[in-house]
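Report on one structure; see the data block that follows.
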Amino acid sequence: MAVIIDKDNVILVQGITGKQGSFHTAQMLAYGARVAAGVSPGKGGWEVHGVPVFDTVAEAVEKHPITSSIIFIPAPGVKDAALEAMSAGIKTLVIITEHVPLHDELDIMAYAEKLNVTVIGPNTFGIISPGQSKMGIMPNSIYTPGPVGVVARSGTLSYEIAYNLTVNGIGQSTVVGLGGDRVVGLSFTDVLEKFERDPETKVVVVVGEIGGNAEEEAALYIRQMTKPVVAFLAGRSAPPGKRMGHAGAIIERGKGTFASKVAALTAAGAKVAVLPWEVAELVKEALEG
Amino acid sequence: MAVIIDKDNVILVQGITGKQGSFHTAQMLAYGARVAAGVSPGKGGWEVHGVPVFDTVAEAVEKHPITSSIIFIPAPGVKDAALEAMSAGIKTLVIITEHVPLHDELDIMAYAEKLNVTVIGPNTFGIISPGQSKMGIMPNSIYTPGPVGVVARSGTLSYEIAYNLTVNGIGQSTVVGLGGDRVVGLSFTDVLEKFERDPETKVVVVVGEIGGNAEEEAALYIRQMTKPVVAFLAGRSAPPGKRMGHAGAIIERGKGTFASKVAALTAAGAKVAVLPWEVAELVKEALEG
Amino acid sequence: MKLYEYMGKDIFRREGIPVPRGKAFFSPEGVADFVSGLPSAVVKSQVLSGGRGKAGGIKFPGTPAEAEAAAGELLSTVIKDLPVHAVLVEERLQIDKEYYVAITVDGARRKPLVIASAHGGVDIEEVAEEHLVKMHVDVHAGLQPYFGREVARRMGLPPDEARQLSQLLVKMYHLFRTYDAELVEINPLVVSGNQLVAADAKITLDDEASFRFPDWLPRVEERTEKEQRAAEIGISFVELGGDIGVMANGAGITMATLDMIHHFGGSPRNFMDAGGGAGTEATARALEILLSTNPKAILVNIFGGITRCDDVARAFARVKETVGIPVPIVIRLVGTNEEAGVEILKQQGINAYRTVQDAVARAVELAAGKEAI
Amino acid sequence: MKLYEYMGKDIFRREGIPVPRGKAFFSPEGVADFVSGLPSAVVKSQVLSGGRGKAGGIKFPGTPAEAEAAAGELLSTVIKDLPVHAVLVEERLQIDKEYYVAITVDGARRKPLVIASAHGGVDIEEVAEEHLVKMHVDVHAGLQPYFGREVARRMGLPPDEARQLSQLLVKMYHLFRTYDAELVEINPLVVSGNQLVAADAKITLDDEASFRFPDWLPRVEERTEKEQRAAEIGISFVELGGDIGVMANGAGITMATLDMIHHFGGSPRNFMDAGGGAGTEATARALEILLSTNPKAILVNIFGGITRCDDVARAFARVKETVGIPVPIVIRLVGTNEEAGVEILKQQGINAYRTVQDAVARAVELAAGKEAI
């Protein structure tokens, strides 16, 4: 078992003929993910790494039993691609693209809410259920199946954490990247709820960072969880008031600070690590406890 | 029992301080309908026939256990009023106003679908469940409780039919006016399904007219119904190609003609009356059969 | 409100939808000059009804002088009872293919509907169902480019045309929504040297939204003078040609009243729906319109709901006292404020009927010349 | 992109939001002339940071000549490190009441959020929670007039002001959506003789949507020259002041890398997120920016995902071979195409680390002047 995607997941790649779409289609296939079709307007009839390409999502879903789609379209076309996938009936959507306009994200999320679609991203590394399926740009080699659910705001940081777990012999049920933008499809809480219900997941790792109040909100739910939670937080040393890369990471007036997040998570019963290599140890303790 | 509204219906009147809103609030109160509150921007604190007036729907629903709203707002403000009611959580909406712009109707219906709201109208006489509740502009005196469900496109024509039933000693469970516009909230089929499920309704009367294909579509559902259906159709003598009052009543190229409607309804097992006074007789036969 | 082709193309141009070079003329003056700047020209009479080509309303002049002559000729013709007040002079397109595309409202589904076909250039009613592409738009999503690509795929268009059609549909939908259109139709949508071009433009705007039409948009009037007078007071009026003047309140009941007149062997002079809560003033003016058609008898069928019987009765009293009612009149009056209405009429010597069949039967008798009560 | 007040008010004017009569000046010339047409005037320096009033950036001249002098004075000042390039000269409003109103995006709810208060004119962060009205907008409904009436009710406004606020919010929302705004804020929204007037205008547009900003809108630049160079190649760069130059791929991992440097007793010179799949060219230019800050050592922490290790390695090879890398450099390299990347670096004599703690510890040692490997 796993959350959101498992071995029955049949994938569509939107933007499959582009550089990233084509490269990561090969990586997903190499991982064993079931990539059934791709879409690229005007390129219907092509093949990319043996995967058939269609002009529209409607045509692809007509001809293949697609369950989810991953989007590698340049930012200005992401809203169009996302609405296309949703209106064609796709219920799980992973949007890798970064720099998607904020208002396009608002439109995408409103439509996803209307049609009950799970959106991962935008600006995410994606999602992987090790040994079952992968929709994303994460390296194939750093995961192994197991009992730990991981949910992260930030991509590379989650690789570091997952890699550390794997190196220490601890596998993952599913690793989910929420995405680094101000508006993304899932919150920590949304994913924590799924992990809480997933019988295979025994411990959950939350990879957060300074800025915003997503971790503080997650803490409210963590209080009610039966499963142990280990959190890692980046940004302890960040100077206040500076914008660090993405919108989440602004520290202002005592909100979203490192200290407030540590306090909220600790009070909720989570163990908080502040160096990446501490996570595996805390998880091991939680698994054994 | 009845469909859509019954004795537990608690009504809000939007546009209660206007001429029509005020007049029909009095009529609804006289009928025994539970009109709990009214809305009229800038007139919060007023009373109309003893009914308290609020500035916004949100305030009214905060203070009264409203279940439905009836709109008497001039056409340009109907979209605003309808979206206000829906966003405040009201799930049954009756829109009396005529001349509502078509695109506003599209917006209202899309939002109603999103929020699962039942919309009656626009351009309707409303809905009455005799002896229980009334939201509309129909005369109070012409209905009596009983086993016949009536659904009509056209207001006055339905009065004629209901009056004839009452005069002949046949009561009604609920009388619903779909509304005369091209885009309205309910179809004949939507209401027929409710009557089919309502234990108190024994026979259903469909009051239709030439133009459009609403009656032909209804016929598809009537085939599956267990309850007898009597239909009345107006427009047998109408000349082709003339626009008769509202958009529904255009006859073109053999579609939506009197003959095609009669054929469809008859084939579906409905009895079709072409003079108003024949309806009561056919209903009586159906009730006895 | 239906727009003339030249008005539709003006709007297309504003919205970035490709149209041929062209200009509307209300007199032949200047046509030759304009045409001399075009490789070849077409002169099209501007009428609201279809089939103007078959009616001789489109000319293909060989020279600028011929074009000016053609314009003059068309501007002096009458097509289907309507004088031609304008011609559109356009560059004549090379036509490689003809498609059809339209956006309208599907009332049954309560959504905008796109209809398209690779078989354009003919009456769309004559195109076989399997050659029509029909797709509904969710107004919450809007019409996004993907929608156009899917329409193009179902039409079987090649990639470059698909890309153009997608852009075109996004613009058509924008027009459809921002101008309160009931219909935006391009037939034919021409492929001319690899470019999609709107060779015709048919736009119908929703009259109910006229209060927010742009100021610069001319108003187009299609009604007869009597229908226009009725429309001004919010009443639907259609002339039919029989001898019984009819007034009722509500489109359905009015149609049913006409049916009943026929049933009793009579013949209605008109359809008049005075419904929607018309007050005394509007009802009086409606009655005057009715009288101006010189019927042999008048039948009034009012079932008061939002319309109030006393308002209606007062209108009849007023007209009787001022201009007079010189023909036999039969009034059926029930519903809201019925007693007050009946009383007012009684004071005018009019006995109102309660039962519709009695009233209709009596009106038919009176029109047939049987003695008055 | 933050807009200057005068730009925001230009947009307000286009959208029909009431603003005081006013004009932006980039030199004092013409100010006296303009002010002589106003009953009384205010001269406001145009800066992007808050608190310009306390910093002396707002003047209330008594005469047109004084206004021109005030403009000249303000145009030669520097507020919070930024030279004032423009002043806005406006009619001075009679202020009866001051409100606050803003539209922004609530990321947690994924919806536009309207924030309003009857306690305006002060820093909104200082207004008590119970005096704030917060309501989310459903983009499928849009912000309709009723929404503004409900905001006004919760603010406790009288009917006429409620009506005006409702109209104002509809227009603000239209602006917010059509201009891709992150924030539209009016503080104070002034009641001046029964009229609501926007006395200030704060608009921040979403940089990610800059490709569709209107052509006439000037671009406003707030970054330092190095940050600007980094932004041009799609890289986030913030100067911090320590001695270890840092490059990593991803905002989170970069912050974590800074944390680890602190953990080992070091001090980072900068934040540089070279993530998002930067190729060889962008990475090479990012490294050059890093070198231009003269760090004592450089720490590179790459965990390849969409970023490919061989691309990164090739960038280091290129810079080393061309401009050279005159400081000690520690590279941690794992993930996509790791073997190829490690091999390329080896040919340059650089041994890549696999484990982040070893790499960070080593970089801190090197910056502290401990001998190189």
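Yeah, the Cβs are placed from backbone N, Cα and C, and that goes for glycine too.
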Same-site substrate binder from D:Asn249, D:Asn270, D:Asn351, given that TrEMBL records D:Gly305, D:Ile306, D:Thr307: D:Asn249
Recorded ATP site member, picked from D:Lys44, D:Lys59, that accompanies D:Gly51, D:Arg52, D:Gly53, D:Glu90, D:Leu93, D:Glu98 in TrEMBL: D:Lys44
Length of the line joining the Cα atoms of D:Thr307 (substrate binding site) and D:Gly51 (ATP binding site), in Å: 42
Segment-level pLDDT (mean, integer) for the domain 'ATP-grasp' (D:9-222): 94
Spatial separation of D:Gly51 (ATP binding site) from D:Gly305 (substrate binding site) - C-alpha basis, Å: 43
D:Ile306 (substrate binding site) and D:Gly53 (ATP binding site), Cα-Cα, nearest whole angstrom: 47
Closest of D:Gly51, D:Glu90, D:Glu98, D:Asn187, D:Asp200 to D:Asn249 (substrate binding site), Cα positions, binding-site residues only: D:Gly51
Cα-Cα distance linking D:Asp200 (Mg(2+) binding site) and D:Lys44 (ATP binding site), given in Å to the nearest integer: 10
Binding-site residues near D:Asn187 (Mg(2+) binding site), in sequence order, restricted to D:Gly51, D:Arg52, D:Glu90, D:Leu93, D:Glu98, D:Ile306 and a 10 Å Cα cut-off: D:Glu98
Site extent for ATP, whole Å (max Cα pair distance, D:Lys44, D:Gly51, D:Arg52, D:Gly53, D:Glu90, D:Leu93, D:Glu98): 20
Closest of D:Gly51, D:Glu90, D:Leu93 to D:Ile306 (substrate binding site), Cα positions, binding-site residues only: D:Gly51
Binding-site residues, contacting chain A; criterion Cβ under 8 Å; candidates D:Lys44, D:Arg52, D:Gly53, D:Glu98, D:Asn187, D:Gly305: D:Gly305
Distance [Cα-Cα, Å, rounded] between D:Leu93 (ATP binding site) and D:Asp200 (Mg(2+) binding site): 11
Fewest Cβ neighbours within 10 Å, where candidates are the binding-site residues D:Lys44, D:Arg52: D:Arg52
Distance from D:Asp200 (Mg(2+) binding site) back to D:Glu98 (ATP binding site), taken between C-alpha atoms, in Å: 11
